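Just below is one structure, and these are the notes that go with it.
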Amino acid sequence: MNKVAEIFREYGIKIDDSKTEKLDSYIDLLISAPINLTSLRDKEYAIHKHIVDIVFPVKMLTGKLLDVGTGGGIPGLILAILFPINATLVESVRKKVMWLEKILNMLNIGNVNLLCSRAEKLPADKKESFDIVTARAVSELRILLELCAPFCKVGGRLFFYKGPNWKQEYDAAHNAMKTLNVETIEIVSYTLKTGEKRVLLQFQKVGRTPDNYPRETKKILKNPL
């Protein structure tokens with residue numbers, strides 16, 4: 001039994017062996033990457049932090065997924081290994097995208113596309129086109145919403161992974177939710193075996209985003225919604 005499967009068993013997560021083997025290979029490649037994708041080098045802790053954190057609160061996904069600021073492929077690549085989705089991973093750092101290209105080839109992952117771009121620079125034809133938009137460790141919630149909501153279909157969902165201080169961000173994001181036509185579906189709280197408290201904030205897009213969003217980076221940062 002590989003290490004991912006062993007740790008999944010501790011959480012009661014049931015996944016096909018072929019998928020846990022692929023995830024196990026991925027985490028080995030991630031923690032040994034020659035570029036700075038994670039500060040973690042302990043495999044077991046990295047599995048809790050970078051794989052279980054993504055998988056545990058999610059039951060099933062289908063359709064087209066956009067992962068904003070994917071870094072080393074978290075959460076988008078992990079979700080693409082597990083679920084029948086077509087994922088687009090967006091990352092602005094070219095060397096990270098090049099590393100991800102190698103990983104997709106090495107692990108024979110065919111349901112993932114890569115875009116080297118910032119979210120606010122994505123072409124207009126990407127707006128209102130994804131069933132699911134995800135992000136982890138990119139920015140505070142009201143900024144995340146502006147970066148991500150424009151690319152989600154009406155009726156689609158947005159998933160944001162956050163730590164124990166999420167409530168302050170959430171309370172500050174109500175104007176962003178209203179402006180961008182986003183409503184809360186569910187807030188899933190969970191604790192990793194490492195003791196870390198986590199939440200998955202789930203939103204639904206209930207109307208089209210005004211055409212002027214997302215704004216330029218400097219405007220978003222200087223005057224968040």
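Numbering starts at 1 and runs along the chain as displayed.
The backbone N, Cα and C atoms fix where each Cβ goes, glycine too.
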Checking Swiss-Prot, the member of GLY63, GLY69, GLY195 that binds S-adenosyl-L-methionine with ALA119, GLU120, ARG136 is GLY69
What does DSSP call ALA119 (S-adenosyl-L-methionine binding site) in the simple three-state scheme? helix
For ARG136 (S-adenosyl-L-methionine binding site), the number of neighbouring Cβ atoms whose distance to its own Cβ is within 10 Å equals 23
With every protein chain in view, what's the tally of Cβ atoms within 10 Å of the Cβ of GLY69 (S-adenosyl-L-methionine binding site), excluding that atom itself? 22
Candidate with the highest Cβ count within 10 Å, taken from the binding-site residues ALA119, GLU120: ALA119
